[in-house]
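Chemist: First the structure, then my questions, so here it is.
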Amino acid sequence: MLQRLVVALCLLGFAALTAAAAHQRPNFVVIFTDDQDGIQNSTHPRYQPKLHEHIRYPGIELKNYFVTTPVCCPSRTNLWRGQFSHNTNFTDVLGPHGGYAKWKSLGIDKSYLPVWLQNLGYNTYYVGKFLVDYSVSNYQNVPAGWTDIDALVTPYTFDYNNPGFSRNGATPNIYPGFYSTDVIADKAVAQIKTAVAAGKPFYAQISPIAPHTSTQIYFDPVANATKTFFYPPIPAPRHWELFSDATLPEGTSHKNLYEADVSDKPAWIRALPLAQQNNRTYLEEVYRLRLRSLASVDELIDRVVATLQEAGVLDNTYLIYSADNGYHVGTHRFGAGKVTAYDEDLRVPFLIRGPGIRASHSDKPANSKVGLHVDFAPTILTLAGAGDQVGDKALDGTPLGLYANDDGNLLADYPRPANHRNQFQGEFWGGWSDEVLHHIPRYTNNSWKAVRVYDEDNQQAWKLIVSCTNERELYDLKTDPGELCNIYNKTRAAVRTRLEALLAVLVVCKGESCTNPWKILHPEGSVNSWNQSLDRKYDKYYANVAPFQYRTCLPYQDHNNEVSAFRSTVAAAAAAAAAAAAQQPGRRRMYTWTSAGRQLSATASAIATSPQPRSEPFVAEVERHSVPVPAEVLQSDVAKWFDNPLALA
C-alpha cells in the first residue's frame, strides 16, 4: 500500500512539473555582433559553421533583414525601443546628438525592451558592448532594465586583447592578455547558468565586438596628450592563419567592387579616388581579418548552445543572431566602413531558431519577408506572450514575418497580416570617414534619407536615396542589386513620383504610418500596396506631391531643416491613434504556453520555477584573471579620446 502511494505521489509530482514546464514562457538568447555585413559572405558556412549548425539549420534566416540607421548606437536603440531614429531623436554615436549622456537624458532606458520584459516576469542579462561612450567616467550610472549587466567600458571597449568591463556599476576590471570574445563567452555562459538556476524565463543578450575595427587609446605623458589609433580587427591567436585564401566576393550579384564609373553618384563620391592595387591588397587582408575575428564568435555560439542543452532549456529558447549595422569593404569608391545608404551598410544577418519555427535543415530555404531592427522588440514581446501590449508602446515596428515558417506550434495570436510591410525608410545624420584608408579625407555632409520598396515575388525592387545636398539616386534593385546605375532621370515618372511620395511620408512616420504609409497617402483606403499605387488614375495625384527636401546639410535632426508635406498629417494621425488606444479597456493578461504550443491561456499564475532559485550567481572562470583599471585611467578626461567618432561606432 505504501509503495503504491509513493508511486502515485511521484506520478503526480512528475505531472505537475510537466504541466509547469509546458506553461513556462520561452527564453531568449541574442548574439549581437558589431559591424557584421549581410552581403559580403561573412556568415558563409565555411567561415561560421557553428552558426549554421546551431541556428540556421534548426531555424531560419531572414534574407531581407535591414537596419535603418547604419551606425551602432542609434541602431541598437532602434532594436531595443522599436522606433526609428527620427522618433527617438538619438541620432549619433557621441554627444551632443548621441552618446550615453543623451541616451540617459532622453529616458530611453525607462521604457525599452529589457524593462518591458522585466515587467512580464523575465530576468534580463547583458554582456559585451553596450554603447560606445559607456566608459570609465560614467559606468556608475548603470542602464536600467538589466538583472545583470556586464558591459565593456571605453577605453577598453575595442581593445581585443585587453578588454575592460564594469558589472552593474562596479569599478571596472581589465583582463590583460585575454581575448575579448573569449572573455565575453565565459561571462555569457556564467550568466546563462545563473539565469537557468533562478527558475524564471530570461532574456540574455551577448554582444561581442567582432568584427569591429580595433581601437587603442592611451595617454602619452611625453606629448601630454591622449592618442587614439585605429586598426583592422584582431583575431584570436589561434585563428590568425585561417581563411588565408579568402578574397572579397566579386562573384556576388552586386559586382560593385572598386566602381570605376561614378559619374552618376553624388559629388562627394565622385571626388573619391579609385583604390590603387596597394590599397586593394590591404583591403583584401582587412576582409580576411574580419572573417578571422568572427571565428571566435562562432566558437561562442557553440559554447552557448552546449550550455543551454546541458541545462535542458534549449528547446524552449529562441536563439537569435544579428548585428548592429552592415559594413562595406571595397565597394563603390569606399575602403571600409558603414553609414552610407547602400545595401552593404543596411543589410545585416538575422537568423533565429526556437519554439514554433520550422527548421530549414539547409542554407537554401529562407524567409523573404522584410524585417527591420524596429521589428525586433515587438517580435520578442509577442513571442513572450505579450502581443496585446505591443500597441501600448508607440512602436514603429511590427512582429517579424516568422509566421511564414510556422511549424504548427507558433503562437496562435502571432500576427499574420495579409500584406506584410514591403517598403521602409533609412536615415542618417553626420559625416563619413574611411575606417582603414586614412589618407582619404573625411566628408562632413553625409546626412541622407532613403526609401526601399520590395515586392516579395521579386517582380519589383526599388531604392531612392536623397542626400542632404538634395542630390538624388534611384536604383532598380532587381536588375542592379549593386546600385551601380543611377536611373533617377531615366526611369518612368510613375515609379519616381511614387517613391518620392513614400519617402515624404516615411521620413516623418510614427507608429502605424511606418508600416502602412498608404493610409496617409490614400486615407480613403483605395491603395494599400505599391502595385496598386501604380494605377495610371493616380498619376496626377502623385505628380503633385511635393518631394522631400533638405534646406541645408546638418549633422543632426532639425524638423525645420527636413521638409515633408506630410509632417502635420502624420502627427495628427499618430495623436488620434494614441487617443483611441487610451480609450480601450486595458488588457494586461499574462499569456502562457500550453503543451501543444498552438493555444494560449490567459492566466495571472506565477511563472513555473521548477529549480530552486539560486541566490549567488555563477562566476566565470576568467574572473580570476581580472585586475582593476589603473587609477590614472579612471581619472582621465574621456571626452578627449573621441577624435574620430565614426571609427569608434
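Yeah, the Cβs are placed from backbone N, Cα and C, and that goes for glycine too.
Since this is a predicted model, take the numbers as computed values, not measurements.
As annotated in Swiss-Prot:
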- 1-22: signal peptide (SIGNAL)
- D34, D35, C72, D324, N325: Ca(2+) binding site (BINDING)
- N41: N-linked glycosylation site (CARBOHYD)
- C72: 3-oxoalanine (Cys) (MOD_RES)
- C72: active site, nucleophile (ACT_SITE)
- N89: N-linked glycosylation site (CARBOHYD)
- N224: N-linked glycosylation site (CARBOHYD)
- N279: N-linked glycosylation site (CARBOHYD)
- N445: N-linked glycosylation site (CARBOHYD)
- N489: N-linked glycosylation site (CARBOHYD)
- N531: N-linked glycosylation site (CARBOHYD)
Chemist: Just to be sure I understand the packing, how many Cβ atoms besides its own are within 10 Å of the Cβ of N89 (N-linked glycosylation site)?
Modeler: 16
Chemist: Of the glycosylation sites N41, N224, N279, N531, which one sits closest to N325 (Ca(2+) binding site) when you measure Cα to Cα?
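Modeler: Sorting the glycosylation sites by distance from N325 (Ca(2+) binding site), the top entry is N41.
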Chemist: Just how many other Cβ atoms lie inside 10 Å of the Cβ on D35 (Ca(2+) binding site)?
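Modeler: For D35 (Ca(2+) binding site), the 10 Å Cβ neighbour count is 27.
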Chemist: When the Cα-Cα distance from N445 (N-linked glycosylation site) is computed for each of the binding-site residues D34, D35, C72, D324, which gives the smallest value?
Modeler: C72
Chemist: When the Cα of N224 (N-linked glycosylation site) is compared with the Cα of each of the recorded positions D35, N89, D324, N531, which one is closest?
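Modeler: Closest candidate to N224 (N-linked glycosylation site), judged by Cα separation, is D35.
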Chemist: Same-chain residues six or more away whose CB lies under 8 A from the CB of N41 (N-linked glycosylation site)?
Modeler: Y47, P249, T252
Chemist: Sorted by position, what residues of the same chain at least six away from D34 (Ca(2+) binding site) have a C-beta under 8 A from it?
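Modeler: Non-local contacts for D34 (Ca(2+) binding site): C72, K129, S207, P208, I209, A210, P211, H212, A323, D324.
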Chemist: Quick one, of the recorded positions N325, N445, N531, which Cβ has the fewest other Cβ within 10 Å?
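Modeler: Per-residue Cβ counts within 10 Å for the recorded positions N325, N445, N531 bottom out at N531.
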Chemist: Here's one to test understanding: among the recorded positions D35, N89, N279, N489, whose C-alpha is closest in space to the C-alpha of N531 (N-linked glycosylation site)?
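Modeler: When the Cα distances are compared, N489 comes out closest.
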Chemist: Taking the Cβ of N224 (N-linked glycosylation site) as the centre, count every other Cβ atom within 10 Å, in any protein chain shown.
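Modeler: A 10 Å sphere around the Cβ of N224 (N-linked glycosylation site) contains 7 other Cβ atoms.
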Chemist: Just to be sure I understand the packing, how many Cβ atoms besides its own are within 10 Å of the Cβ of N489 (N-linked glycosylation site)?
Modeler: 9
Chemist: Compute the C-alpha separation of N89 (N-linked glycosylation site) from N489 (N-linked glycosylation site), stating it in Å without decimals.
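Modeler: About 33 Å separate the Cα atoms of these two residues.
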Chemist: Which residue among the recorded positions C72, N279, D324 has the fewest other Cβ atoms within 10 Å of its Cβ, if you could check?
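Modeler: Comparing Cβ neighbour counts within 10 Å for the recorded positions C72, N279, D324 gives N279.
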Chemist: Between N489 (N-linked glycosylation site) and N279 (N-linked glycosylation site), find the distance joining the two CA atoms and give it rounded to the nearest Å.
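Modeler: On Cα coordinates alone, these residues lie 33 Å apart.
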Chemist: Give me the CA-CA distance between N279 (N-linked glycosylation site) and D35 (Ca(2+) binding site), in Å, as a whole number.
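Modeler: That separation, Cα to Cα, works out to 21 Å.
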